[in-house]
Amino acid sequence: FSMSGNPNSLSREVLRWIQSLDLAYSIKNPKRDFSNGFLVAEIFSRYFVRGISMHSYDNGTAIRVKKDNWGQLLKFFRKQGLDMITGDEVTAIIHCEEGAVASFIKRIYQALTQREVQEVAKRPPLEKLPAYMRTTGSKVVKDKLRTGNFTEHPDQTTTQAAMEASLDSHEASLQLERSVDPERFSAISLSGSRAPHQPKPMGEEEAPVPQVTVERIEVKQSDRNIAQLRASQDPMAARFNSSVASAGSTGGSAASPPPAQSFSAQAAAMQRGVQDILDEALADSGFGDAGSFSKALVGGDPAAAEASGEVFYSLYNDAMKIAAAAVSTPNDFWVMSNFFMPLISELPSDGDPFKAAVDAFSSIGLCLVKVKPSAAPALFSNYALEGACGCLASQPSKSYALLSLYYSFAPATPEGHVEAIKRLTETIAEPPLLVSALAGLINLEEAGCFDAAVMDLYLYYSIIGLGQDSPSVRASSLAMLAAAFDRGGIGEVGQFVEPLSNLAAEDSYWESKCQLLVVASAVLRRGEEVDEGTRSAFVKIVCSVFHKRANGKVKKVGVAYLAPVLGCDLERLLPLFLDVLLGMRQVDRTALLGLTGGMDGTGGHRTGALADLAVGGTSGIKYAIHRMDGLDVGKGLLDLVNRNEAFYEEHACVLLGCVAAAEGELGGNNWLEVWDGFMGVLTDSLLVEGVAETAGDVIFAMFAGNEQVAKSVVGGEPLKGIMEDIFKEEGGELCKENFVQLLTRIAGFSPSGCKYVEELLELGGDVVKGDDDLLNLQADLRR
């Protein structure tokens with residue numbers, strides 16, 4: 001920066017200090033770069049680490065953004081007792097008034113470093129400026145209108161009075177100048193020309209004039225016209241002008257221009273590039289043009305639906321050609337956007353044509369990013385983003401596909417994603433839709449693109465959303481916050497403890513409570529990365545919203561998301577988890593435990609497959625079922641059963657869920673202890689029709705998964721005594737059927753199991769002879 005009388009320049013000492021702070025953006029123009037307050041906030045964040053949260057500040061240029069940033073800074077200054085700046089000075093800085101920033105930065109430097117700025121002696125100004133450098137009346141008016149007071153308060157009467165005063169002052173300065181230097185003004189004639197040069201007095205010597213030697217040069221005349229010269233520099237122009245004649249006269253005159261029809265015909269041929277690709281893709285579809293094909297496909301025409309796969313696959317394969325043409329001729333991209341966006345908007349989201357259309361358009365975006373990264377986001381924003389946002393608003397079910405499509409046109413870099421997020425925030429005006437879109441977009445972020453700048457944007461909009469009146473916006477903001485914590489933003493969790501605790505106590509909306517549980521799960525999963533006090537605070541949030549009397553949807557989400565984090569605080573979370581889970585409807589409990597898949601293909605225990613969790617809601621947020629630690633829950637359930645001396649269908653269902661969650665890890669002494677504790681109630685439950693089937697599933701799962709359990713079953717007599725009770729008098733038909741099925745599965749699992757069942761049936765004697773199903777099983781085993 002120049003140190004001559006520029007009122008906006010900073011001293012070298014201050015510049016070195018700013019550079020030592022390693023700010024996010026370099027300083028190029030101080031009055032512009034500091035006008036939005038972002039860099040000012042970053043400077044203070046280096047000295048007040050907990051007082052300034054950078055994700056609350058936006059590095060934008062809009063007046064609204066600048067005022068918001070400075071409003072936060074003024075609150076911070078008051079809280080810290082720093083008398084740094086007045087409201088009028090803030091207005092001057094926002095509107096880039098001369099000298100406003102430089103004096104403020106100087107005060108910051110002195111306050112934060114406790115050092116005085118060493119003023120550098122500036123070059124003295126000229127005693128008298130040349131006429132062409134002096135301020136004019138027009139410049140006075142323009143400078144006055146640019147000041148903050150007039151921009152903020154454009155009152156016509158005040159403005160007019162101020163302008164008149166400024167012009168009067170300027171006129172007075174001119175009159176003074178005329179009185180001081182009358183010769184300058186008298187030298188101008190009435191005709192407007194200057195007076196003739198006055199000769200010097202005789203006897204005064206002329207100053208020597210340096211001699212300049214000029215070399216003679218020859219100018220070579222070009223024998224090419226302007227179109228050819230342009231073509232030699234621009235390959236694209238060369239294609240348009242290839243038909244221009246090159247012959248010219250010997251005198252060097254340009255050749256005649258080509259006929260107008262020849263040029264426009266070739267230009268049209270270039271602009272038809274993408275249209276030709278589209279027509280070629282549609283050639284074999286049986287539809288004459290894109291409009292007919294789209295209308296038929298949206299209308300449900302089976303022929304169009306059948307042809308759509310080939311059409312979209314062809315465009316998918318030609319994506320690089322389309323991208324190359326779109327970069328050179330943006331109208332070509334409009335052709336494709338005008339073809340794809342109506343289809344994406346109107347086709348049902350669960351159909352194959354919709355998915356194929358999104359894949360084809362996304363491939364064009366990826367190729368555009370490869371061809372010219374800077375052009376891809378601008379093309380999508382100019383031609384397709386508005387339609388995509390309208391579809392987001394009206395069809396939330398398509399949000400994932402639309403946001404994936406949007407990101408395919410963004411360079412896969414942190415800078416590319418920051419720019420994409422900002423474009424989205426500038427396009428979507430409605431806070432509910434914007435926060436919902438960002439909550440979906442953050443789940444598309446990959447590790448290589450999610451840096452501190454991207455995270456700060458998401459955290460910033462999370463904070464904004466949490467303060468909105470709309471419950472769906474608050475829920476979406478919490479979902480965004482949970483995703484940010486999962487993706488490395490856990491270091492910022494401390495500042496959210498108090499607001500989230502308040503939200504848990506005050507917000508009655510069920511989905512806000514669901515999302516609080518999701519956020520708590522994200523925090524607790526980080527384990528030792530979070531300090532003990534913060535973990536305890538989030539456990540407290542869980543206990544306040546997740547209990548037996550909570551909304552049914554809150555209970556389902558709580559079970560799904562707390563299942564993998566119970567080990568963080570078994571003493572408080574496990575009893576709460578079991579209390580809620582055991583009190584649920586059977587259909588909800590089996591779904592949450594992953595027990596809805598039936599038996600596996602071998603006839604063994606249930607699959608324990610997990611799935612999405614459908615709870616509805618206006619925010620469009622999707623939930624998922626997570627696997628729990630079966631051993632911890634199994635031990636907790638055993639303590640509960642022993643304490644209450646009761647074992648019912650719900651207990652058997654939860655125990656089966658524990659075994660299914662530990663599939664492949666049932667071996668070892670820990671599970672043998674669980675089996676020993678439950679063996680008596682499980683075998684007794686084979687006599688109870690409501691519990692017999694589930695109890696049999698648990699027994700077989702433990703037999704198949706733990707060798708020690710299998711030996712205890714084969715080596716002991718836990719099933720012999722219960723078989724007699726079932727088939728003599730006490731068991732019903734359903735219990736008998738379940739017991740035969742259990743024996744069949746054990747016999748089919750291993751040779752030792754088959755031998756055990758054979759011996760059990762041999763010892764059965766009259767019991768076996770009296771039941772046809774047992775006799776048939778015995779006969780099958782003997783064969």
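The backbone N, Cα and C atoms fix where each Cβ goes, and this holds for glycine too.
Where the annotation comes from TrEMBL, it is an automatic prediction and has not been curated.
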Range among 160-186, 241-267 that TrEMBL annotates as region 'Disordered': 241-267
Average model confidence [pLDDT] within the domain 'Calponin-homology (CH)' (8-113): 86
Number of helical, extended and coil residues in the domain 'Calponin-homology (CH)' (8-113), per DSSP: 66 helix, 0 strand, 40 coil
